[in-house]
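Residues or ranges marked as domain 'Cobalamin-independent methionine synthase MetE N-terminal' in TrEMBL: 42-355. Taken from TrEMBL, the feature 5-methyltetrahydropteroyltri-L-glutamate binding site applies to 57, 155, 560, 561, 606. Residues annotated as domain 'Cobalamin-independent methionine synthase MetE C-terminal/archaeal' in TrEMBL: 471-794. The annotation L-methionine binding site is assigned in TrEMBL to 476, 477, 478, 529, 644. Summarising the annotation, TrEMBL assigns L-homocysteine binding site to 476, 477, 478, 644. Look at TrEMBL and you will find 686, 688, 697, 701, 710, 772 tagged as Zn(2+) binding site. What TrEMBL records for 740 is active site, proton donor.
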């Protein structure tokens, strides 16, 4: 495919199809303050790429399925970029970002820019095309994908660069320059955004075969020449500002790491001459050392700081802010959907203005708006009261500019009054508070909720009841969600089919999944979750205190989008949520059927959470609701219950000093859910796509009977924990193949993975399962992959038996 991943196209060669995008489909949200001809000092760190109706998702998946061309995909992408830039320009934003669009993720785009393609993808130089780009992201029939992990403590993922001393970097994607020119041709002068060189290296990992002790920062002199080429091209194209995202500055960095920032920007200084340079940080406070490093960087004009999560950073600004420099003050929350308290933010800005100077203060978002939903205008089913409390990305653009105008003395009194009314409504609304729930959650804080018997005794009791073979096989929960299945759910929700017809269709799907697993000879079955739209949304829709959107989609990775629940009030469970479906599935088989639940920490971390009480209080409320469900499942005869905590690691604070407190309440929340069940009820949990090695002791403290955990895509990094002597006595299933790739692993490949696990784990605790759920895969991939997985387990059982 000669088309490039950067969609190297100007506005003249890539046009927007008016039939795809009616003129009002990307409208700025009301209420919009009246326009002013002078653009105030306002800035947006980044913006969602998927489109208000997930236009990019559908274009990507159509292209991947070979149903549309590269040009079709590029046309959709160009249309989205154009609409976003125009939307911000029309709203009055002065500093509009470009190069925040991506076909997959911004770190992978940087890998493409630097030509840092692992050799296995067979790239031979030149401009990186879609084939290579998407193979790195998703793998292909013969080569596995690169590792994917969470972007800091968000539910967004990025493709982890694989680097070593032998990587030959080259300027291989001109996307940043192309998109700047594209915006300019539309009459919008943007601020091109690049992932900063130091953050790029700190977010990378040593490639396979490279010593784990290899210093990634030693590659800085090799990548800076490419950054200089990009900067020079941007200058030549007319850019006057450039934004480097250096979010790793908010982490706990040592002196050597901080020195890398100093060295990098000193090296870039002469190339950056003539440009205004913004260094953008987000997601947490800066340490005093990181702040000092930041404000002393050579050639830097402006500093972008998250003042929503980084509230202590204001004290650093008060203590020392360099004269004549710009502060891009992130006062509008880019990670949540609550309307900004404009009066409070204006007060903060006025306080900062007195420190940094009137002409040097720019109103900004706390981080990219990538992490929030796109446009509230598309929410036709939210009730007016809750809707008045919210602001999605398009509304946040308006909030930023309203604050900038107010700061400049052009305050829109009606807009501020409307905002104040909504803030008061949210504080006083009776639907927010449930005293019984508050009381029950408060009572949990002082006690330690644990099962009465230790895990080895429980596993013995469970084995007597379940009678499983060694190396038992299972899957993580979901099976493919076919178009037909989605149609049935959609039509039931729209009242186009009756409840009886819906239940019949779902039962037929469950029977198909049960029969397939029995045919494959899987030991512990799942019902496939055909009734579920999403592992969090499904539960949120049945809990009180939670609201849902119709189009509040947020990108998770690649084309995958989720609609996070909005937790606006106290949470409780009015009635059982899964018991009917799990019982129905168990009645279809004599094998153990897992009850499938999402855990409280994951529901919390994958929702837009109320910001008017501590997160742990909300989590305890959700834990009590899940506890009720666990106990009802047990009463209904479900002997294996999986409580997924996929997002436990994701919620770990970015600063080590805050880890212990978070892990204490997160682990406690999980234990609350199952502390009341019998020894013979086996509690599973599942975790995926995060680096768990640093929290393994907390995972053990969760006291689950069996944990299934991602292992294959991260190149079996998890196993190193056990090689280093960590003892684990509960059941564990490190994933034996990557489900986020269409690639089908062979029996031999899976058997080899299991043997690696057996080298560090006891035979009697090891389970065999995929990395994650199968929802996004096709049956044509799932059947042979699971068949090979079961065959590998049986092969190993035979070998182990003959070795005795």
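Just so it is clear, glycine is given a Cβ too, placed from its N, Cα and C backbone atoms.
Across the annotated binding residues for L-methionine (476, 477, 478, 529, 644), the two most widely spaced Cα atoms sit 13 Å apart. Its Cβ taken as reference, residue 478 (L-methionine binding site) is surrounded by 23 other Cβ atoms within 10 Å in the chains shown. In sequence order, 50, 54, 57, 553, 554, 555 constitute the residues six or more apart from residue 561 (5-methyltetrahydropteroyltri-L-glutamate binding site) in its chain with CB-CB distances below 8 Å. Across the structure, residue 155 (5-methyltetrahydropteroyltri-L-glutamate binding site) and residue 710 (Zn(2+) binding site) place their CA atoms 16 angstrom apart.
Averaged across the domain 'Cobalamin-independent methionine synthase MetE N-terminal' (42-355), the predicted model reaches a pLDDT of 97. Here residue 772 (Zn(2+) binding site) is positioned 9 angstrom away from residue 478 (L-methionine binding site), judged by their C-alpha atoms.
The recorded positions examined here are 560, 740; by Cβ neighbour count within 10 Å, the least packed of them is 560. Near residue 477 (L-methionine binding site), with the C-alpha within 10 Å of its C-alpha, lie none of the recorded positions 688, 697, 701, 740.
Put simply, the two farthest-apart Cα atoms among 57, 155, 560, 561, 606, the recorded binders of 5-methyltetrahydropteroyltri-L-glutamate, are 20 Å from each other. When the binding-site residues 606, 688, 701, 772 are compared by Cα distance to residue 529 (L-methionine binding site), the shortest distance belongs to 772. Among the recorded positions listed here, namely 606, 644, 740, 644 has its C-alpha nearest to that of residue 701 (Zn(2+) binding site).
Of all Cβ atoms in the shown protein chains, 27 besides its own fall within 10 Å of the Cβ of residue 710 (Zn(2+) binding site).
If you take the Cα of residue 606 (5-methyltetrahydropteroyltri-L-glutamate binding site) and the Cα of residue 710 (Zn(2+) binding site), they are about 18 angstrom apart, rounded to a whole number. Every protein chain considered, the tally of other Cβ atoms within 10 Å of the Cβ of residue 57 (5-methyltetrahydropteroyltri-L-glutamate binding site) stands at 19. Around the Cβ of residue 688 (Zn(2+) binding site), a 10 Å sphere holds 26 further Cβ atoms from the protein chains shown. Spatial neighbours are here defined as Cα atoms within 10 angstroms of one another, and by that definition the neighbours of residue 644 (L-methionine binding site) among the recorded positions 560, 686, 697, 710, 740 are 686.
Taking the Cβ of residue 772 (Zn(2+) binding site) as centre and 10 Å as the limit, one finds 27 other Cβ atoms among all the protein chains shown. If you draw a 10 Å sphere around the CB of residue 529 (L-methionine binding site), it holds 25 other CB atoms from the protein chains shown.
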